[in-house]
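Worksheet: one structure, shown below.
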Amino acid sequence: MIIYATEVETINSFVRLESLKELYSLVWIFVPIFSLVLGIITGVLVIAWIERELSAGIQQRIGPEYAGPLGILQALADGTKLLFKEDLRPSRGNTPLFSIGPSIAVISILLSYSVIPFSNHLVLADLNIGIFLWIAISSIAPIGLLMSGYGSNNKYSFLGGLRAAAQSISYEIPLTLCVLSISLLSNSLSTVDIVEAQSKYGFWGWNLWRQPIGFIIFLISSLAECERLPFDLPEAEEELIAGYQTEYSGIKFGLFYVASYINLLISSLFVTILYLGGWNISIPYISIPYISILELFERDPIFGTTIGIFITLAKTYLFLFISIATRWTLPRLRMDQLLNLGWKFLLPISLGNLLLTTSFQLFSL
């Protein structure tokens, strides 16, 4: 009986160990996801504060200064206010479409972060088709905006949703052609491989210098995809009140507010990855032992990951500065001007750039 009891206790201890292993594995699956979500929320708060301060400086006025030191908690206060506001719904609208629209817009943008490498050791999913996965997922967001506009049963909202769909289609094609040019130069669709291909040649190996035309087209197309001035036709205040957001209030309106900043952040991150070398730390005219730094990254992954995150975010916020300054300095385009720019100028130029890149790659074989 004593031996039998001992065997039972041993079996129970093994069962407990196996259950603990399964629990730990589940925890470690969700830890990077929650860390990424926390980082995104922090990034959105920082972007909102930078835009308020920068816009105040451009317009020569005082920005937020009461909520926290230098008004750094103003965005958090605005989000808290929207969280506790009443969630109104149009009485004659399509309630399912009206409710699902904001969620589709936010989730489709959040999923794009899964293929963004902050260093060669920090990426949720290093896929062979990572860059195309981002394009495919980002094309779902306009469907949510169109659903929101149609479900609101409001002519301003519906027109805003139609404008969002038309604008997305017009600028998604030039953006995709620019991505194809980068993929041809890197011989890969993986975001990690694209950054490593640029890192081989240091600063002058960045795709910014190898694809200057594609960089300008990608920059304009990404601003149009984010629906920022001068491309904010779907929510033009003077024409459509707030576009597809007209009937929204409370947390649903806050989701659109957050989605716009998340989309701006992810566009800036992809500009950094595709054209600015990602976590590449080479600086021109300054002698940096790049090989020794790579060896240090391999020896100490934690240090390499920390430095990679810092460099990637530094380049990203530099592009964010350009995007915010563009919003507060340029006037809004008309709808016909926006479509003409996309179809008559950016599309032919991006197609020509792709043909030139293809020819160069063929002759270099």
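The count begins at 1 with the first shown residue.
Backbone N, Cα and C atoms are what each Cβ position is placed from, and that goes for glycine too.
Taken from Swiss-Prot, the feature transmembrane segment covers 27-47 (among others).
Summarising the annotation, Swiss-Prot assigns transmembrane segment to 98-118 (among others) and lists sequence analysis as the type of evidence.
With a threshold of 8 Å between CB atoms, the same-chain residues lying at least 6 positions outside the transmembrane segment (129-149) that come near it are 97-98, 100-105, 108-109, 111-112, 114-115, 157-162, 164-165, 168-169, 172, 175-176, 179, 182-183, 189-192, 194, 225, 234, 243-245, 248, 259, 263, 266, 270, 274. Residues or ranges marked as transmembrane segment by Swiss-Prot on the basis of sequence analysis: 129-149 (among others).
What Swiss-Prot records for 165-185 (among others) is transmembrane segment.
The annotation transmembrane segment is assigned in Swiss-Prot to 203-223 (among others). Below 8 angstroms of C-beta separation, residues 171-172, 174-175, 177-179, 181-182, 185, 194, 197, 231, 267, 270-271, 274-277, 280, 282-284, 322-323, 326, 341-342, 346, 349-350, 353, 357 of the same chain, each at least six residues beyond the ends of the transmembrane segment (203-223), sit close to that stretch.
Per Swiss-Prot, the feature transmembrane segment maps to 253-273 (among others).
Under the heading transmembrane segment, Swiss-Prot lists 302-322 (among others).
For the transmembrane segment (345-365), same-chain residues at least 6 beyond its ends with a Cβ under 8 Å from one of its own Cβ atoms are 171, 173-174, 177-178, 180-181, 184-185, 211, 213-214, 217, 220-221. Among the features that Swiss-Prot reports, transmembrane segment is placed at 345-365 (among others).
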Next item on the list: Run the contact check on the transmembrane segment (302-322) against the transmembrane segment (165-185): 3 or more C-beta pairs under 8 Å, excluding pairs closer than 6 in sequence.
Entry: no
